Structures are given as C-alpha cells and as structure tokens.
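**Student:** Shown below is the structure under consideration.
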C-alpha cells in the first residue's frame, strides 16, 4: 500500500489489504477463521479494530445487522463458527460457553449486562491472570442466546453524534467469550478465551466539532489510545525495560493480548477520503508497529484427578526409591569411613534400589478389591474438573506437560537417574491409553434417582422460599411506599421550613435596614441641633462684632483726634514762643540802658530763637508731610473716583446682562426681577448720591485745608522775614552798643551826640515795639482763629478719612462683586438658586443615602435569594438524581414484575437471557455428522448417554 507521497515517502507492509468492495465473509474467512481453531485448541485469542472515528470499526466488528447474512460482522460470524465447531466436535467432548460484555467509558469499566456496575476494578492473580472483578458472565448454549446477550449489551452502549459520524462510539467495548472443554474419556480440560474488542476511534476535535461532554469523552478516548500506542512502542523498540500497561484500563485489560498469552488479530480501518490522509498514515504506522509484537501463546490445559493421582503415586514410589538409595549410600560411606573396603559388586546403585523397591512392592501388594457402585459414582464426581484447579501447560510436540514442582537442584547433581525417571513418568502419563466410559448399573441408577428426587425436593423448597420472598417483597414494597409518602411529607415540611427561614432572614434584613435608617435620622437630628447652636452662636458673634465695630470706630476717632491735638499742642508751643518773643521785646524796652541785662536778654533771646528755628524746621517738616499726605489722599480720592466710576459702569453693564439673561432664562420671574432691579437701583443710587455728597464735601474741605495751609505757609514766611529783620536790628543794636561803648571810652566829646543818637534809637525802638506788639496781637488773634478752624477741620478730616475708609471697604466689596460676573442681583438670584440647590442637594443626598441603603438591603436580599436559589438548585439536582434513580428502580421493578409474571405464566426457556444467565449448560458435540444443533435443554443439567 502506497500512501500520499507528501505524507509518507515509504511503504507499509501488512498480511493483507482489503478494499472497500470486500465483503464481511471474505474478511472473516481470511483473518478470523483460524482464530476459532486456536480457541478450541486451548489458546487465548483477541480480535480488535483500530482506526480513526468514522472509519468503520463498529461495522467491521458487529456489522450493520447481525441477522443479515451479508451485513453481519466479525463477532456474529465468530459466534456462529464457535457453535458450528461445537456441533462438529466428537460427542465425548463436553463444552461450557460463557459470555460477558463490558465497555471502557471515561476510563471506567462498565458492565453492559449489568449497567449499575459502572466502575469495576481490574485484578490479577496466578490462576485467572488479568480479569475484571465483579463482571457478569452469562452461560450461553445457542447462537440466539449470544445474540440476545449482544443486543442487551448494545442497548447500554454509549454513542453520540459528531461531525464525522452520526453514531460515534464513545467507549471501547470488549465482548469476551470463554470456552471450557472437557474430554469425558481422558478427563483432560482446556479453556480458551476470546476477546472481541471494538475500539473507539481517535478524534481530532477540529474535525469532529466535539464540545461539552462529547469533548471530555474525546479526551479520554485519545488518552487511552495514546496509552495503547505507548505500550506497542515499548514492546517493539527493544530498549524499554518497563511496559506501561497500567497507564490505561484498556491496556491493562488487554495485557495478555499485547505481548502475552494470546493469539492477537489486528484489523486496521482506514478512511478512503483524502481529507483524513494524515490520520490514515498515523493509523498505518500504528499497525506497522503492532505487527512486530511477538506474543507467547500457550495452551490453557488442566490435569485430571486421575492424572494427578497417578503422578502422586509415582512420586511416592520415587520417594521410597530415593530413601532406599540414600540408605545404601550411607551404609557404603560408613564402611569406607570405618576403613573397610566395599566390593565393586556391592556398590550402591540406583538400579539396585529400584529393583529392590519393586520386589518389596510386589510381595506386599494385596489383591485388588472390587469397586462398589458408590465408590465408582464418587470417583466419577471427583473427576469433574474445577476452574480453580487449572494450571498452565506449555504447547509443544506431543503435548508434553510441565511438572507441577521442579526437582531440587541437589538431586539433579547427585544423580541424573531420578530426573530421567521423572521425565519417563511424565511421558508415560501423557502417552497412556484412554480409560473406558463408565456404564451405570442398577445401584448407581438408584443412587442417581435418589439424588434427583432430593434435587426436586430442594427445587420445590426453593419455590416455596421464592413465594415467601415474593410475599416479603410485596410487604417491603408497601412499607417502602409508606416510607416514600413519609419522605414526601418530610420534604414538603423541609421546604416549608426553608421558606419560613428565608422569610425570617428577609425580615431580619428589613429590621436591620430600619435600624440603620433610625440611627441615621438620629445622627441627622444631632447634626441639625449642632448647626442650630452654631448659628445662634454666630448671630451672637455678629452682634458682638457690630458692637465691637462701633466701639472700634469711636476709639479710632479718638486716636486720630489725639494725634491732631498733639499737632495743635506744637502749634500752641509755637504761639507761646511768639508770645515769649513779644515779652522779650518788652523786656528789652524796659531794660533801657542796662547793658548787662540787655546782653543777657539778647543771649537768651538767641537761644530761644535757635529753639524757635528748630521748632520751625520741625513744623516745616510736619507741613511738608501733611502736604504729601494731602497729595496722597488726593490721588487716592481720584483713584477711588475712577474705580467707582469703572465699577459703576461694569455693574450697570453686568446688571443689564444678568437681567437679560434672567429674562431669557425664566419669563415667569420677570416682574419680581424688575421690582428687585428697581429696588437695587434706588438703593444703590441713594447710596451713591450720599457717597458723592460726602466726597464733594471732602473735596471742599480738602480745598479749604489746602488754602489754610497756603495761608499758614505765607504767615510762616512773613514771620520768618520779620524774625530775620529783628535779628538784623538786634545785630545793629549790638553794633551801636559796641560803638557807644567805644565812644564812651573815647571821651565825652561824643557823649552828647551819642545820647541824641540813643534817644533817637530809643524812640525808634519804642515805635518798633509798639508796632511789634500790635502785630503780635494781630498774629495771636489770627492764630487763635486759625487753630479753631484747624481743629474743626481736623475733626472733619478725621470723619472724612473714616468715611473714606468705609468707602474704600465698600469699593473693595464692589470690586469683589464686580469681579464676579453675576453682580449683586445675579448674586441674590444665585444665592436663592444656591439655597434651592442646597435643599435639592440635601434631598438628593438623602435620597442617595436611602438608595444606597436600599441597594445594600437589596444586595443582601439578593445574596440571600442567590443562596436560596443555589440551595434550591442543589435540591433540584438531588431530586432530579433521585427521580432518575427512582425511575431506574421503577424500571427495574417493572422488569422484575414482568419477569415474575412471565415466570408464573410460562416455563423458562433457553432463549430468556434473564433465566439462562446463571445456569451452567454443558454441551456435547454432534459427532461431526453435520446434524442440527441440539438444544441444551434436551439433556437437562447433566448430559448422559452412550456414544454410538
């Protein structure tokens, strides 16, 4: 066979390749017919198909219809061949056929004849090898019974539909047939086992489209087939020291079929479609590897009791010979050790020991007593083979049997004669002539009839027990029905209890939510109380702040008045200095010609003038500072006026914009907005008029103050000029005084002229004093009036400054308000909106809190409902499983009832699988005459008669 060259470049060699047109009969004739001969010769046989899903494995093994001669598969044909072979066999050979049917589904062994056993274990022992414990084996005696077993098992087989196969097998099925044959003449028994394996196909999920449970089944199938491939690889590579049979249940069961005691036939099923070329090549490679496995088949043959007795007799005789031979050797050794000599004729030998034992046995053997019929019957019953006493025997030329126990090594070394004797014993045993068939006499027949009567009595007793068991079953069924009713009531009560507990849980959740709501309301009440207390304290603080503001305003006014009065004190000091200067002039006039006094007064006057000059300088600085402050105030007033005008313009513009926006936003509040606008305009216009009047008054006062300051400056300048004139005059007087002193010292000639000049000066001084006194009086009057005006103006200036500060604060507030595009009216609207929004926000927050609480409560309720739903789903699942179990039990009970009815109505027949399954039915061959198959019921449980 040459596959696609792109997939495999070599070739595959098999015993034969069958095409699509090959019939089922041709495959059976070539590949399977010889397997039946091997089974009847005592060998184990295995037939299984391997291939991908949909390649026809089940069709090859079972066929499309087991009743059709053309479409029936290998298994039905093997069954027919086995029973045909039984019919053709000699009548001295007795057969018992047992069948079992199992599947490996999801790596669990399931008995198809007893589906309740879904996970059977695999055991192994020396007697049975690898076997499935608890697997139901049924005795069959005809083809119809085997077909009935196959149909019964096929009903429980797991199949599913995939993209590649409408009825894809989801498990590996194994149909096991065991044939036990016994030669009634020689007593020899043989047993052959036939494993008919229908493997599930390997699957590629991308092609089959398996999902869900089908996908899990495909995983298990591919895993078991991979384990089968690993076992075959380990068996064929020649290097593996461990064969992984235990990796899968399939390889464990087929352990004897793969490299063990079995004749195995492997059929490779390939798909003819090019779509499956890769899977086909993989299947062919698997077949090539499996073809190279070397099995070690052997005949499963058991010794008969007669053969075992003969072997025991020979072994005992051999033991006696050994003891005689050992005694002769020990005597010879004692002679040699004592220094004696043994003649060569007296040497101990095996032949002498054997001859001596035979002579002693012949002399001591009594005459044989005749066997009684009872003894003959007991011997016949004892010769019946048992399955537990089977032993494996190697297949070879002449069917030579292997000894039960090996001869000790020391015996073989001491003398080869016992070994040869043992081998001759076995050869004699295996080549002995057959014993004649035992013929029943009258005593044996009477004994048989007696036993038959006893068996009939036992059967009647069993029938009575069966009737009692049926009555007990009916009673138990009624009790079970009562318990079911009680269970249903208990289930209803449990459901009611669960419902009440769930309602209680929901009520507790509601109570908890109400408790939380009450706690939140208490917290809100406490917060409202705290806020109320805070507002009350804030109102008290506002009243205190207003009182403190008024007090602070009075304190500020008093401080500024004190500062002004300090300034006025300096002015009064200046006036006092001027008065002192007038007093000084009057003192000089009164001093007259007292030069010392006049000089002292002049010096004091100079000191006072210096002090007055310093005070004047300080006054000039004060005046300049006041001038700067006046200029600063003027600039600030101008800035305030400009800011006020700008803010007023912006306010009007923004007011118009806000009004327009409010009118556009809400036509319902237009009247209230107009009223509010008029009120605001009247309020702000009156306030602006008052501020403007105050500012005009402040400007007028400032102008008057500037005029007074100018007049004061002119007066100061006049005083300074007068002081300079006085100083010049004083200097002139000093000069005149000096000249007069010089003249007085120079002589009396000039005394008269000096006196005249002095008188003239005196008159001038008097006139000047009068003039100075008058001017000082006028200046004093003018100073007093100026001081009164200055004090009044200072008070007005202080008030104006305070008003200016208030105006500045108001301007700052207006500036802050002007910086916000809302304006006061908009601010009021916004404040109203904010108040409304605050209320809405509080409501929304409350609603949100309530919703959160409701959501939390609903979540908890949902969690509780989810738990209840999960619990109910689990209960539903349990109930569903219980319903399914009850359905199965009901079906079983219905089947049992139907079976009981059928049992009462008709006699049991061999075709009833529920009746023949547990009854052993030995079958005899038909003598090869080609006669029809004899029913097993013709001879009953025992098959008696003579061969013709």
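Yeah, the Cβs are placed from backbone N, Cα and C, and that goes for glycine too.
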**Student:** If TrEMBL is the reference, give me the range from 465-486, 487-508, 509-530, 531-552 marked as region 'Disordered'.
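**Tutor:** Range annotated as region 'Disordered' by TrEMBL: 531-552.
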**Student:** Which is it, of 364-415, 572-623, 624-675, that TrEMBL names as region 'Disordered'?
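**Tutor:** That would be 364-415, per the region 'Disordered' entry in TrEMBL.
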**Student:** DSSP secondary structure for residue 53 (ATP binding site), reduced to helix/strand/coil, please.
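**Tutor:** Note: residue 53 (ATP binding site) is coil by DSSP, not helix or strand.
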**Student:** Tell me, how many other CB atoms lie within 10 A of the CB of residue 52 (ATP binding site), whichever protein chain they belong to?
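**Tutor:** The answer is 24.
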**Student:** Take the Cβ of residue 54 (ATP binding site) and count every other Cβ within 10 Å, whichever protein chain it belongs to.
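**Tutor:** Its Cβ shell of radius 10 Å holds 23 other Cβ atoms.
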**Student:** Tell me the Cβ neighbour count for residue 56 (ATP binding site), meaning other Cβ atoms within 10 Å of its Cβ, over all protein chains shown.
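**Tutor:** Total other Cβ atoms inside 10 Å, all chains included: 18.
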**Student:** Along the coiled coil (452-479), what average pLDDT does this model show?
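**Tutor:** Averaged over the coiled coil (452-479), per-residue pLDDT gives 82.
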